[in-house]
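Worksheet: one structure, shown below.
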Amino acid sequence: MSEPLKPRIDFAEPLKEEPTSAFKAQQTFSEAESRTFAPAAIDERPEDEGVAEAAVDAALRPKRSLWRKMVMGGLALFGASVVGQGVQWTMNAWQTQDWVALGGCAAGALIIGAGVGSVVTEWRRLWRLRQRAHERDEARELLHSHSVGKGRAFCEKLAQQAGIDQSHPALQRWYAAIHETQNDREIVGLYAHLVQPVLDAQARREISRFAAESTLMIAVSPLALVDMAFIAWRNLRLINRITTLYGIELGYYSRLRLFRLVLLNIAFAGASELVREVGMDWMSQDLAARLSTRAAQGIGAGLLTARLGIKAMELCRPLPWIDNDKPRLGDFRRQLIGQLKETLQKSKSSPEK
């Protein structure tokens with residue numbers, strides 16, 4: 001017997017086709033194109049550094065705003081009015097032979113001249129800081145360029161700005177390594193590997209020294225007010241040292257921008273609970289159990305000082321970081337913990353003697 005026919009089934013939605021994977025067309029490179037191929041570098045940063053890096057970048061990098069332009073315009077108009085009024089007073093004093101008023105006008109002219117000179121000097125320092133950012137962008141373009149003729153002049157300008165003498169061994173090795181057949185990317189890359197590490201090593205030593213001083217001072221100091229003053233002073237000194245090493249001089253306005261970040265660093269130095277929690281993640285449970293509250297605060301303040309120095313070092317360098325040569329907090333962390341343990345052991349052994 002034949003089976004009965006099944007009733008028809010009506011579906012409310014149309015039949016969906018199964019998605020098929022789309023394959024891209026094969027792409028082949030010729031031998032000439034493969035020689036000029038350069039892989040793009042991926043900048044991998046830890047997630048926990050995002051907020052802090054943005055805060056330091058905003059504090060160090062000069063920026064323009066509408067309010068600043070309005071204030072500058074008002075100051076310029078006020079200055080022009082003062083100069084015009086001073087000229088009128090001088091003419092009246094000369095005509096009436098009022099020598100006292102004429103002397104006052106001369107003193108005012110000297111004060112105004114000193115103020116104008118300070119403004120020009122401050123503008124020049126801010127302009128130099130902006131130029132360093134432009135030089136870093138230019139270096140990044142040269143490191144991805146295959147042109148010839150710009151790399152050597154650019155590197156010689158950087159060496160002159162940094163105060164590196166022509167007879168310096170690192171610069172002599174760079175001159176011996178370059179030749180006419182190399183392009184700009186190779187020349188700048190050789191400079192980054194042979195000459196730039198000389199300045200970077202000095203900056204690393206300064207960061208290590210200042211971070212160690214902050215760690216030890218806070219670990220042994222019983223007064224919170226002394227800790228805050230010491231952190232503020234050493235952080236500003238560290239910024240000045242790093243900028244001097246890379247040939248940049250900060251002005252008064254730039255230091256005001258940095259002071260905001262220094263206050264943030266001071267706040268971390270006084271937050272003992274937060275520092276202890278962060279220290280538990282960074283150190284083993286055994287070591288954290290042996291350290292006192294002051295020692296944990298010292299390590300936290302030292303690491304924050306090192307972070308500030310690393311960011312200032314990054315913004316003052318004329319070249320971008322390449323080949324993962326950027327200093328890490330872990331490089332300074334082990335050194336700080338070792339120095340702190342050694343200091344605590346010495347302090348425990350001295351009363352026994």
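Cβ coordinates come from backbone N, Cα and C, glycine included.
Cross-referencing 70-90, 259-279 with Swiss-Prot places the feature transmembrane segment at 70-90.
Residues 101-102, 105, 108-109, 112, 116 of the same chain sit 6 or more residues outside the transmembrane segment (70-90) yet have a Cβ under 8 Å from a Cβ within it.
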